[in-house]
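Asker: The Zn(2+) binding site annotation in TrEMBL covers Cys85. Positions annotated as disulfide bond by TrEMBL: Cys85-Cys152, Cys87-Cys181, Cys97-Cys206, Cys208-Cys252, Cys213-Cys218, Cys225-Cys244. The domain 'NTR' annotation in TrEMBL covers 85-206.
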Amino acid sequence: MAVGDRIQKEWENNMAAMRQAQGLDRATEVWVKEKSIPELSVNPQKTAPAELHLLIFRKTMETRKWITLMAVVFVLGAFSSADACRCILNHLQRSYCDSNAVLKAKFLEATTRTLPGSQDVQKGYKVKVGKVLKGKLALESLTFISSPSHSCGYIHPSTGFNKDYLITASNNNGDVSVNSCSYIVPWNKLLPKQRKGVEAAYNKGCTCGIEYCSSKPCSASEKTCSIEQYEGGDAENQLRNQICVPITRTTCEWRTIE
């Protein structure tokens, strides 16, 4: 079998394993861009699950046993879809810090609403907020979250209604919205330290950046922590249990969430 065919076959096998593990019914495409920062070409019908970070890391390690990173970039790049949304695959801490509305809430049903003072119809979801983890307290009475109707819109799984979810959203003068790049995951899928993170701990590290590192030595930028996404690295622990916090005016380091 030619090298190109082997690469494509391995990619297909990896995608199938991810879809089976996460319940995705269409291909999820993953590749690594400049400086080895992973991006995710998200199926418009699904939102990336929390554990996808770890699956990507494991699959990358398996693939590297017989193929170079550049070959992966070349082949997987060919599968990118022109109408798909590209989302930076990041640590939950950054998703928390980059959102101005983080909620523990239930999606009740898909619905629409007419915007005040216009005939424009907005698609979205009726929700019930259980707890405001970040943002204005007025969000406690939020009953509707919008989502764009184009390919970047978020579509909630049919089996996920009336269940608690972590939702990272954008609040624009009371218009709270999500899209297919929003970090939305069942609350019961969060690990204990991730729950502590979104409940308060991650807020301590919002002045720090987080980037991926695919090979030693990792040279993080100023006030940045590196996710060690190489064989023998500490990526799983960093994603699951740690927070990047400032140590000095110009440096940040990983610390285990207590």
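Any Cβ shown, glycine's included, is placed from N, Cα and C.
Where the annotation comes from TrEMBL, it is an automatic prediction and has not been curated.
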Asker: Please report the Cα separation of Cys218 (disulfide bond) and Cys225 (disulfide bond) in Å, rounded to an integer.
Answerer: 9
Asker: So which recorded positions out of Cys85, Cys213, Cys225, Cys244 end up within 10 angstroms of Cys206 (disulfide bond), measuring C-alpha to C-alpha?
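Answerer: Hits: Cys244.
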Asker: Which secondary structure state does DSSP assign to Cys181 (disulfide bond), in the simple three-class scheme?
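Answerer: For Cys181 (disulfide bond) - judged by DSSP and reduced to three states - the answer is coil.
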Asker: Which ones, of the disulfide-bonded residues Cys181, Cys208, Cys252, have a Cα no more than 10 Å from the Cα of Cys85 (Zn(2+) binding site)?
Answerer: Cys181
Asker: Can you give me the Cα-Cα distance between Cys225 (disulfide bond) and Cys97 (disulfide bond) in Å, rounded to a whole number?
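Answerer: If we compare the Cα positions of Cys225 (disulfide bond) and Cys97 (disulfide bond), the gap is 15 Å.
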Asker: Where Cys244 (disulfide bond) and Cys252 (disulfide bond) are concerned, what is their Cα separation in Å, rounded?
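Answerer: Roughly 6 Å, rounded to the nearest whole number.
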Asker: Which state, by DSSP, holds Cys252 (disulfide bond): helix, strand or coil?
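Answerer: Going by the DSSP assignment, Cys252 (disulfide bond) falls within a strand, counted as strand.
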